[in-house]
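A.B. asks: Have a look at this one.
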Amino acid sequence: MADGVIARLMSGGRGARSFYEELRGRDNVSDVDDRAGLLDEENLNQHFNDYDLENAEGLRLEDSRATVDGRIPRGRAQLSGRPPRPAATTHWGTSHDDDGDNDVPASLLVERYDRGAAPLGSPGKPRSQHAGSRAHPAPGLSKGRTHQQRPHIDQELQPPLHSDAAPSSLLAGAITGNAKKMAEWRWANITNLDSFMQDVYSYYRGSGMWCIVVERVLHLIKVAFVAFLLTFLSQCVDFKKIPSNQKLSQVLVPQCTRNMSGLWNIGLWLFAFYFMWKSIQYILDLRRLTHVRDFYIHLLNIPDEDMQTITWQEVVARIMVLRDQNVRTTRTITPQNQRWVLGSQSKERLDASDIANRLMRRENYMIAMINKDILDLTIPLPILRNRQLLSQTLEWTLMFSILDFVFDPKGQVHQEFLRSDRRGILSAKLRSRFIFAGVMILILSPFVAGYLIIVYFLEYYNEIQKNPSILSARSYTPLAEWKFREFNELPHLFKRRLDMSHPFASHYIDQFPKAKTSMVAKTVSFIAGSIATVLALISVFDPEMFLGFEITHDRTVLFYTAVFGAIWSVARGSVSEDNAVFDPEYALGNVVEYTHYQPEHWKDRWHSADVKAEFEELYKLKLVIFIEEILSILTTPFVLFFSLPKSADQIIDFFREFTIHVDGLGYVCYFAEFDFKKGSKSQAPAATAGEGDVRDDYYSTKHGKMEASMYGFINNYARNPKHLPPAMRQQFHLPPVFPGITSPTLAGDLAASRMGRSQRGRSKGPLPSRTPRPGAVMAEPSPMASILLDPRHQPIFPNNMSFVNTGHQFRGGNQGDGHMMGGGSMEEDVKGAARHGQQTHDDESEDSRAGLDESAWQVSPTKDLSRENSGRGLDSVVGEEAGNGAGVVHMLYQFNQAHLNRRLGGVR
C-alpha cells in the first residue's frame, strides 16, 4: 500500500501502471530461478503444464479418462504458448461423491517405519471430488470420512486454491470437530511458513495469549490517559487562578473542549483515529492468537501456564518432533507450484537454524550492511560531518526504505534485485524512497518529538526525583546494538547477552582514573551536602519554617533542600571508589566475551584512552541517548536527503551479491548460512595475491562476525549447559561407545546408507568412512553437536582447522592476548584449506548439497516416487532397502525416536 502511494506521488498522478505493480507482476510471471537453473526439471519424474492444475484429476496415476467437451481457459492457453488440448474429465460430470476415499494413497506416502500401520485408502480405486475440495478439507466438514482418526498429519504441498475448504468460523469448528483436529488441519495447510513462525515466536515472547491481550489493553489505556491528561492540563485548567483559589472547580475552564485551538483539535482527531484503528486491529487479531494458542497447546503440548517459563530451545525441539511426525505427500501439481513449495515453503526445513533464518531473514541483511559499512549514516552538517548517528527514528526509515522495498509480501527477495541489468532503475527508486521518507519525517517531526518528550518525562520523573544517580546510568546505543548483533540471533537471546555484559561495561568505564573530575566532584558534593544538612537540621527544630520560609522569591527551604540533595547525589556518583582496582583487561575482556565485538586495533590496547573513548561512543549515558534521539528527528531528514542516496548503488549491489537460494527455505543472506567452505571456494581462483585479498575482504565479514555468529548460535542451541559458569563448562565431550543420534559421524554414515546406487555411481569422491585415510581431510565429531540441528547444520571441523586456535576461550582459561578473538579466524583457516585441498573440498561440497529428503531422519527417503514405484506399497520399498542392508538404519531410526520422546517428555 505504501509502495503504491509513493509510486503515484512520484509519477505525478498519471494513470500508468506503477513501478511496484510491475515489480510484483514480474515476480508472479517469471522466476529467475528458472533461468539460473536452480531447479532440475529432469528429476521431477513427469512434466506438467500450467493448465494441468485445473484438470488435475485427469493426471491421477491410477485413472486416466478423456472428456468429450473439455476446455481450458483461453488466457491460460495463451500463456503456456501451446495449442489447447482436450482436458481430462471434470468432477462436475460424475454421478457419485465418494468423500470417504478422498485421501492420498498409501503408495504415495513416505512416512515412519511402521509395519503394523493400515494402508490409507485404496490406490487402485478411482476417486472423485468436488471442485472446492482440492485443498485439505477442514475436519468435520465432510460426512462419512473414516480417515480423520489417523495419527499423522498430511503436509500440504500447494497453497489452498479455494477458500471454501477452510472452516467458516471457530464455532463451526468447535461443533464439527475438536480443537486438536482443527489445529492439525491448520498446521497441514500452512501456506506461508515465515509468517507462521513469526506468529509462533511473537506468541512466545509475549508469554502466552492472555499476557498479550493484557499488554495490548494496558497500552490503549496508557495512550488514552496521556491524551486525556495533556488535554485537561493544557485546555481545561486556568493556571492563573490557582494562587487565588482553593478548589479545583474554581480553576476549571467551562466548556473547554469548544474553545480548543485548531492544532489541538487535529491532534485529538489523530489520537481518536489511532485508538480506534488499534482497537479494531487487536479485536480482529484475537482469532490469530487463538489459532497460535491451539498450536502450542494441542500440537506442542505447551499449556499457557508454562509460556512464561519454557525456553525457546524447548519450543524448537517440539516443533522438530512435530515435523518428524509429519508425512510427506506428493500430489499431481504443476511444476510452478512444486517450485513454490520446494523453493521456500518446505516444512522439512524447520530445525533451529532454518527457523532462525526465517525469523531473521530481513534482519540478517541489516546486520551485514552495518558490519560491512554499506550504509552512509554520517550527518551532513559542518560540525557533525564525521559523526555517525543511528537512532530509532532513522532505523524505522531504513526498514521502510530498504527492506520493505527489497522483500515482497511473502518475505522473499524480489527477483528484480538479482538481475544486474536492473541496477540503475532500482537505485533510482531507492533514492526516491529515501527522499520520500525524509519528507514524511519533516512533516511528523513536531508531533513525534513532543510525544517522546512528554512520555519520557511522565515515565521517569518520579524515578529521577527519588534516585538522581540513575542519570549516570549507561546503555548501548542503537548503532552499537546492530554492531554487536549476530546472524540468526533472535532478539530475546541478543538481549540476554547484552544484559550480561552491562555490569562489566560499567565497571570498565568507572575504573579509569579521573583525578581532576574526582577532585571537583568531591568539592561540589561537600558544599552541596553541607547546605542540605544545615537546611535539614533547621527544619527539625522548626517544621513550620521548613514549609513556609522563603530563601528567595517563592522558593522555600523545602525546594532548596531537594535541589542541593540532588546535586550531592550526582556529584557523589562521579567520585571514584577508594578501593577500586584498575584492571581494564579483566573488565573489557568480559565485555568482549559477551558482546563478541573487538576491532583489530583494540588488541593489546584495552588500557589506552583511545579504546576507552571508542567504547564510550558505543556505551553512552541514557540521558545522552535520549537527547540524541530527540535531535535525530531533526537530523534524520538530512541523512535521508544527502548521505544515504550516495549508498543506493552499493545497497543494490549488496543484495545481488550476497543473496543465495536455499532449497526449501528461499532467499537468505549469504552470511546467515555460515558456509565458510563455499565462500573460500568462490574466492580461491584469484588472478593475483592482491586481487585475492580484495575479494576476500569483500566476500567476508569484519571483526570475525560470521565466525562469532556461528559459535554464538551453536552455544545457544548446543547441549553444553549455559547455566553453569564458563570455567565449569565441559570443553570437550568424549564420544560414546555407540555413536549418538546427533553425532556428525553417524550423520555421514546415515547419509551414505541412504544414497542410491545411481548417486553412488556419480559420486566424485570416496564414500564417507569411519576409518580416516592418511592425508585426507576427515570431518571430526564436534563437541558442540546439537539435537536441535539437522545433520547438514551440525558443526564439523576439518583436521586443519583447530577450534582452539580461533581464540574463543572461556574466562576460566588463559586470559592473555587471545582472550576472545585471538589467532586466525575460521574464515581464514577455511580459505587456506580450500587452496591446499580443492579436490577434497569439492567432495565435501557435493555431499553438503543434499536434497530435501535428508533434512529429517526418514526410513526410506532414497526411493523417489515415480510412476514406476508409486504403485508399490511402503512395505515393499522398505523390504527392498532391508534386503540391501538398511536394517541398521531402521534400528537407528527407532533409537532416535525413543531418544527424542524421552528427552522431550513423551511429546509426539
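Cβ coordinates come from backbone N, Cα and C, glycine included.
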A.B. asks: Going by Swiss-Prot, point out which residue in Asn28, Asn259 is annotated as N-linked glycosylation site.
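C.D. replies: Matching Asn28, Asn259 against Swiss-Prot annotations yields Asn259.
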A.B. asks: Validate this pair against Swiss-Prot: Asp554 and Val592, same side of the membrane or not.
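C.D. replies: Each on a different face of the membrane, per the record.
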A.B. asks: Near the transmembrane segment (217-237), which same-chain residues lie under 8 Å Cβ to Cβ, leaving out any that are not at least 6 residues past its ends?
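C.D. replies: Beyond its ends, the transmembrane segment (217-237) has Cβ neighbours at 251-253, 256-257, 259-260, 264, 268, 271, 274-275, 278-279, 282, 454-455, 458.
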A.B. asks: List the same-chain residues at least 6 positions away in sequence whose Cβ sits under 8 Å from the Cβ of Asn259 (N-linked glycosylation site), in sequence order, or say none.
C.D. replies: Gln235, Val253
A.B. asks: Using Cβ atoms and a strict cutoff of less than 8 Å, what residues sit near the transmembrane segment (556-576) while being 6 or more residues removed from its termini?
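C.D. replies: That would be 465, 467-469, 471-472, 510-511, 513-514, 517-518, 521-522, 524-525, 528-529, 531-532, 535-536, 538-539, 545-550.
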A.B. asks: What same-chain residues lie close to the topological domain 'Lumenal' (547-555): Cβ under 8 Å, and 6 or more beyond its ends?
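C.D. replies: For the topological domain 'Lumenal' (547-555), the far contacts come to none.
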